[in-house]
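Novice: Sharing the features that TrEMBL gives for it:
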{"type": "ACT_SITE", "residues": "C391", "note": "active site, proton donor"}
{"type": "BINDING", "residues": "G278, E320, P321, G322, R323, Y421", "note": "pyridoxal 5'-phosphate binding site"}
{"type": "BINDING", "residues": "R323, R360, Y364, E392, Y421", "note": "substrate binding site"}
{"type": "DOMAIN", "residues": "72-327", "note": "domain 'Orn/DAP/Arg decarboxylase 2 N-terminal'"}
{"type": "DOMAIN", "residues": "332-419", "note": "domain 'Orn/DAP/Arg decarboxylase 2 C-terminal'"}
{"type": "MOD_RES", "residues": "K96", "note": "N6-(pyridoxal phosphate)lysine"}
Amino acid sequence: MSRSAHPAGPRHADVLPEGHYSAPPADLNVLDPKVWSRTVTRDAQGALTVGGIEVARLAEEFGTPAYFMDEADFRARCRSWREAFGTEADVFYAGKAFLSRAIVKWLYEEGLNLDVCSGGELATALSAGMPAERIAFHGNNKSEAEIERAVEAGVGRIVLDSFQEIVRVAHIAQRLGKVQPVLIRVTVGVEAHTHEFIATAHEDQKFGIALAGGQAAEAVRRALKLDGLELLGIHSHIGSQIFDMAGFEVSARRVVQLLAAIRDEHGVELPEIDLGGGLGIAYTSEDDPREPHEIAKALSEIVARECDSAGLRAPRISVEPGRAIVGPTAFTLYRVGTVKPLEGLRTYVSVDGGMSDNIRTALYDAEYSVALVSRTSTAEPMLSRVVGKHCESGDIVVKDAFLPADLAPGDLIAVPATGAYCRSMASNYNHALRPPVVAVHDGEARVIIRRETEEDLLALDVG
Ligand SMILES: *Cc1c(COP(=O)(O)O)cnc(C)c1O
């Protein structure tokens, strides 16, 4: 998806698929379990509950807008990834999707590892007690201070992203008297999104070192020569919100071919490959994501087959799901402020948040679902656009959705699947106060990131 997609959204471009907004769902009160976390349900009065707590109570105690995270769902997703990949592979949660100290603790307890890509994420991980050897450090322009901190802490791997960085990390490690385990991130010429991928020889992007033109092979040559580095293997990440495994097939094949070339040239079989993240989730009922066990099976079969034909021992695989773990675990709760019907077009529903708590719709043309959650309704479906309170006409949270026609100011509506890339990309635009993240579990709700205050805003503004 891109900003140059059809203005009505990627799925609306040519043909409206069946079941699209031209045909509203049969019952607006039904909560599709595909897009809601697993403890979400409606109680006897029709109000949504999560972890056994009703939304009106959550709104009263924590205010709106706010993100509510279903801890049982988060932990269950961690476990299903962990179990699907077994002991032969490693699962690194991509912290950029959403990171807090509580999350780090849950990951630790559920046996997952953690990807970070900045000093701030590293500090969060270390301060919450994630053992450094279970942390991988990513990024295309890590500062010397960040590298030093990571090496000093003893992170399990640094993912090298450029020729300069190979030398930079080696020098820092040597200066600190360490040998740093590293992967080299390569661009394999596969760009995958949703239901399609493009395989090319070259990739026009800032990350990694190209396989094409022998660049990656040269990077390996240099890394193997440097005393401060222990080269563990090759890393590749091909895109985001991917449903189709075909892109991984091409990328795994190209990475394994590189491993074979390394063996032929240097006589070493590198022990690891990391196939990155990017696995898709359901934002609307139209999305059909794969289960972790299907993904694990597909990936290990692809790698085994490719290694077999190259005569290589199968390397240890790692994967880096972010969105697929945290995305479905949270919803954003908003209070409706105004309802503005535009004759013959749609109804604009303004909520008390917007692009400051969910930039994905404006940034990527992302699609979301929405539901009235403080009550049920038998009113007619009304084609709606959920918008925020920012001074920007692109401030859209949900572009097209049906809400009941009796929707009124004061009602609570919720947008599911906002656990990934919403709070982590939240901004203070218009001096909005970033919403809290509240973990809900077994009848208890606990703030894990508190709401920003005007004091927080003014504390940064030194006058
Ligand atoms: C963003 C990113 C991920 C996670 O992507 P998701 O779409 O959240 O699964 C994993 N690995 C790398 C290197 C990334 O940049």
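Glycine is treated like the rest: Cβ placed from N, Cα and C.
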Novice: Using DSSP, tally how many residues of the domain 'Orn/DAP/Arg decarboxylase 2 C-terminal' (332-419) sit in helix, strand and coil.
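Specialist: Within the domain 'Orn/DAP/Arg decarboxylase 2 C-terminal' (332-419) the tally stands at 5 helix, 40 strand, 43 coil.
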Novice: Return the members of Y364, C391, E392 (the recorded positions) with CB less than 6 angstroms from at least one atom of ligand 1, or none.
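Specialist: Near ligand 1: none of them.
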Novice: Which of the recorded positions K96, E320, Y364, Y421 has its Cα closest in space to the Cα of C391 (active site, proton donor)?
Specialist: Y364
Novice: Apart from G278, E320, P321, G322, R323, Y421, which residues in this chain have a Cβ no more than 8 Å from the mean position of the Cβ atoms of those residues at the pyridoxal 5'-phosphate site?
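Specialist: The surrounding set, listed in chain order, is A94, K96, A97, S240, G277, L279, A324, I325, G327, A420.
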Novice: On the Cα atoms of R323, R360, Y364, E392, Y421, which are listed as binding substrate, what is the maximum pairwise distance in Å?
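Specialist: In whole numbers, the farthest two Cα atoms are 27 Å apart.
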Novice: Taking the Cβ of R360 (substrate binding site) as the reference point, list residues of the same chain whose Cβ is under 8 angstroms away and which are at least six residues distant in sequence.
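Specialist: Sequence-distant Cβ neighbours: A366, Y368, Y421, C422, M425.
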Novice: Out of K96, G278, E320, C391, E392, which of these recorded positions shows the lowest number of other CB atoms within 10 Å of its CB?
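Specialist: Candidates: the recorded positions K96, G278, E320, C391, E392. Fewest Cβ atoms within 10 Å: C391.
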Novice: Could you work out which of the binding-site residues (Y364, Y421) has its C-beta surrounded by the smallest number of other C-beta atoms within 10 A?
Specialist: Y364
Novice: Using C-alpha atoms, which one of the recorded positions K96, Y364, E392 comes nearest to R323 (pyridoxal 5'-phosphate binding site)?
Specialist: K96
Novice: Can you grab the distance from Y364 (substrate binding site) over to G278 (pyridoxal 5'-phosphate binding site)? Cα atoms, rounded to a whole Å.
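Specialist: Cα-Cα distance, Y364 (substrate binding site) to G278 (pyridoxal 5'-phosphate binding site): 15 Å.
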Novice: Test of understanding: give the count of other CB atoms lying within 10 angstroms of the CB of R323 (pyridoxal 5'-phosphate binding site).
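Specialist: Result for R323 (pyridoxal 5'-phosphate binding site): 25 other Cβ atoms within 10 Å.
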Novice: Take the C-alpha atoms of E392 (substrate binding site) and G322 (pyridoxal 5'-phosphate binding site) and report the distance between them in angstrom, rounded.
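Specialist: Between the Cα atoms of E392 (substrate binding site) and G322 (pyridoxal 5'-phosphate binding site), the distance comes to 29 Å.
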